[in-house]
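**Student:** Residues or ranges marked as domain 'G-protein coupled receptors family 1 profile' in TrEMBL: 43-292. Per TrEMBL, the feature transmembrane segment maps to 29-50, 62-80, 100-120, 132-153, 202-228, 240-261, 273-294.
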């Protein structure tokens, strides 16, 4: 399909169905998602603030963690406000341009987070396997380069996927059976040949998932081998504690992505796709700060000291 044929698209707005097939659940879902979104913002902003104000946390590990929290805020904020809007408003429309912009940003942030988790796995590998060379190996310049590379790659992949959707014509139904502009939901509305878009998505998603998981798997294989060789149980527990939170986050994040990949493309599976997407875009950004704050002693101690200091200053 030539790029010029995009001008023949008659669709200028999309209608988001969301969870409209369950009218009695609209208000309860709104309250639940609003609460989750509030916790997401407070939790992730809290982690960023705690890391910035505590010199003890000015290390590569927490530098990457602050960017992970920033990404959680970003991609949750792309989807959740629109989800909340269509749950309480009769107008469930989104413009064609708005839909593509939403898709671009959520895709960019998700891919960036995927590689941020891989970077964090590499950081744990260096910290556990080469502790004496950690500060030299993970220099500030390298950390900045790794983070910038993750953002740049996320933007490039998202731009490519968005371009592949813009090449298509949309001249039939404008009803998206979703609460946001998810890739397969947009693609199902196209009235032109989606082969190029489907192949582009397949290549990019497979490459990104395989590369990020390979980096994580290789890092943790070396970590496990190093931990097994440790003579003391104290070193074993310390090494495991630094990786437990990250492993939990990786399991939830990639587990949900793989679930979405495995869902068959049929009408009966759309509810599962929507539920999985809600968990991915709304719930996971809330879980990450809880996982890191509850399992990380340094973050808990710093947050406790901050709260204690603030309470003392107000009481005086």
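In case you wondered, yes, glycine gets a Cβ from its N, Cα and C as well.
Curation plays no part in TrEMBL annotations; they are all automatic predictions.
Walk me through the surroundings of each of these features.
**Tutor:** Cβ atoms under 8 Å from those of the transmembrane segment (240-261) belong to residues 61, 68, 113-114, 117, 120-121, 124, 127-128, 205, 209, 212-213, 216, 220, 223, 227, 273, 276-277, 279-280, 284, 287-288, 291-292, 295-297 of the same chain, restricted to positions at least 6 beyond its ends.
Remote same-chain partners of the transmembrane segment (273-294), defined as residues 6 or more beyond its termini with a Cβ less than 8 Å from a stretch Cβ, comprise 19, 33, 36-37, 39-40, 43-44, 46-47, 65, 68-69, 72-73, 75-76, 78-80, 83, 106, 110, 177-180, 182, 184-185, 245, 248-249, 252-253, 256-257, 259-260, 263, 300, 303.
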**Student:** Under 8 Å between C-beta atoms and at least six residues away from its ends: which parts of the chain pack against the transmembrane segment (132-153)?
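**Tutor:** Distant Cβ neighbours of the transmembrane segment (132-153) are 60, 63-64, 67, 111-112, 115-116, 119, 122-123, 126.
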**Student:** Taking the domain 'G-protein coupled receptors family 1 profile' (43-292) alone, what is its mean pLDDT?
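**Tutor:** Taking every residue of the domain 'G-protein coupled receptors family 1 profile' (43-292) together, the mean pLDDT is 87.
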**Student:** Using a Cβ-Cβ cut-off of under 8 Å, list the residues of the same chain that are 6+ residues beyond the ends of the transmembrane segment (29-50) and lie near it.
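**Tutor:** For the transmembrane segment (29-50), the sequence-distant neighbours (Cβ-Cβ under 8 Å, at least 6 residues beyond its ends) are 19, 22, 57, 65-66, 69-70, 72-73, 76-77, 80-81, 83-84, 87-88, 278, 282-283, 285-286, 288-290, 292-293, 299, 302-303, 306.
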**Student:** I need to check the long-range neighbours of the transmembrane segment (202-228): which residues 6 or more away from its ends have a CB within less than 8 Å of a CB in the stretch?
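**Tutor:** Contacts of the transmembrane segment (202-228) (Cβ under 8 Å, skipping residues fewer than 6 from its ends): 111, 114-115, 117-118, 121-122, 124-125, 128-129, 157, 160-161, 236, 239-240, 243, 247, 250, 254, 257-258, 261.
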